[in-house]
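Engineer: My questions all concern the structure below.
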């Protein structure tokens, strides 16, 4: 009888909601002179009538009374949990961090600090800027581990399992573009960097285009990484605090204090060695969770079988629409541009490869780092399916156990393995290790970019090698404090977290476009790259920000709460459905254009290709204008008796370029001569040709 009454009440509630939606859809939008809709009756509108005043019909009043009675009965029935079960959203016992867990977490932080103390105060070397920023020819094994951890952020460690849990496995194909990037990196980008013996990869932009483009690339990187590090620390700190009870501010402070100290004192050597230790902690954490999950949640056969039964397995979504969030095309093609920007034009990764002795070692380190990254991602994806198997019949988000998708994995670990001592501490230590590696690498690379690209090149400040290390240390400290301050700004912006991550991809795509323009387009010049890059940046940021504002959240795949061991009080869910604002959204406007509905996976590709196209086009236009100006000058010169006609009989080409022309790095160097006339200026630049 109880189950029957419960079903009837649910059906009646849904009928009332359906009636309200239908009636609201039939009602025209209120004009300026009509009565506004009363939020308390917005689900009781009948035949487009006004719900207030004497204009309401008897049918409307009857429906109002019936719906009110329905909701009161439904609320009364759901107030008391059946069979004495506790409420899922208000459990009597919550798993928390134990003393052993805190010891493990603090131990990992203390060891990281010890590495910074050793390389900053006891290890000889690091007195010059080159040793501090590049580590002075480090060995391949720690650099490989450091490269792997620098691409694994805590956001991905928490976000990838929730993606598998709520959206399915289509995103697994992101490992394919990782493999495709390897030949591009080792055949095109890194040979250029090593032949030019760069400290900052943006030095290439300065040699190819000029000082302005080098500064532009450096400024974009500084803005990108400052915001990204703040989000990379805040997002996991919030998720961990909600699931484990660990205070958010304590987590943020611990991460920044440790990172700022060992990156500013020990330099690149401390960062790489600390990353190697943190990679070991992270690997132990992931393997331990998967191993225990095979016993408590299901073996691999059960995991994949449950995922298949609930439509979680999806690998070949060939939908050609670019607005579909994840397809084979968006994940593989869009992911290729995203990973290329991270592996090939991001200073944090380039700087670590440049710390090795030779290009051959850099290629080996990069290849093994990508293989390790793929292994970690696949393990992380499987963890998401394993968690889904565990909660297939009682979704913790629907039941009210957690309030956000990123809290899923911490909640699973803390509650499932609560009786196993120290597991929670090892897991949280692994999450902290990922954050430490990301922030420390970012701070060290920001120091290199600021010293080499902005101070020395941009402001013409001469820094001796001895003072360079001191400048770099203070830069690391300054950027750490600035990023720490941004955490408390981003914390109050809510939905801007996702927008900030999108902005990171957009800026990376534009930066990649500048490099591709310089390498692939011989006709590109300084003005074309500068104006093309700026215009592309403005366009892609505008598209990305508007898309985030106007975006509709992707609905999750179906979940179940049929067999929860607690009472799921759906009164709140019903009341939210019946009382949430039902605003009439008018179709149209520029926000409904398809460009603003694109999948976020395409942003890096759009930024790159748009920069290359606009930079190439503007370069051609400027080149054409310059040629016309030269022809006008020579045309007037023929009629000028002061100019010898022998000048125009010469077979030599007129040099009118205003920028360095470098299409690729070879050993050919062309000499230029001093101008003998006051009619123009020849730029004395090294021209490196690719013939």
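For all residues, glycine too, the Cβ spot is worked out from N, Cα and C.
Whatever TrEMBL says is automated annotation, not expert-curated.
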Engineer: Which one of 215-240, 397-422, 553-578 shows up in TrEMBL as transmembrane segment?
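Structural biologist: Of 215-240, 397-422, 553-578, TrEMBL gives transmembrane segment for 215-240.
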Engineer: Which range is it, out of 56-81, 134-159, 628-653, that shows up in TrEMBL as transmembrane segment?
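Structural biologist: Spelled out, TrEMBL records transmembrane segment over residues 134-159, not the other listed ranges.
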Engineer: When you get a sec, could you say which of 298-319, 496-517 is annotated transmembrane segment by TrEMBL?
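Structural biologist: Residues 496-517 are the ones TrEMBL records as transmembrane segment.
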Engineer: Pairs of Cβ atoms less than 8 Å apart decide it: which stretch in 102-122, 276-296, 326-344, 529-550, 600-622 has the most with the transmembrane segment (215-240)?
Structural biologist: 529-550
Engineer: Given the cut-off of 8 Å on Cβ pairs that are 6 or more apart in sequence, determine whether the transmembrane segment (276-296) and the transmembrane segment (423-450) share at least 3 such pairs.
Structural biologist: yes
Engineer: In the same chain, which residue numbers or ranges, 6 or more beyond the ends of the transmembrane segment (246-264), come under 8 angstroms Cβ to Cβ?
Structural biologist: 97, 109, 112-113, 115-117, 119-120, 233-234, 236-238, 240, 270-271, 274, 428, 432, 435-436, 439-440, 443-444, 473-474, 476-477, 480-481, 483-484, 487
Engineer: Can you find at least 3 Cβ pairs under 8 Å between the transmembrane segment (364-382) and the transmembrane segment (102-122), where each pair is 6 or more residues apart in sequence?
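Structural biologist: Judged by the Cβ rule, the two regions do not touch, with the required three close pairs absent.
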Engineer: Considering only Cβ pairs within less than 8 angstroms, which of the stretches 102-122, 423-450, 471-490, 600-622 has the most against the transmembrane segment (326-344)?
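Structural biologist: If we count Cβ pairs closer than 8 Å to the transmembrane segment (326-344), 600-622 scores highest.
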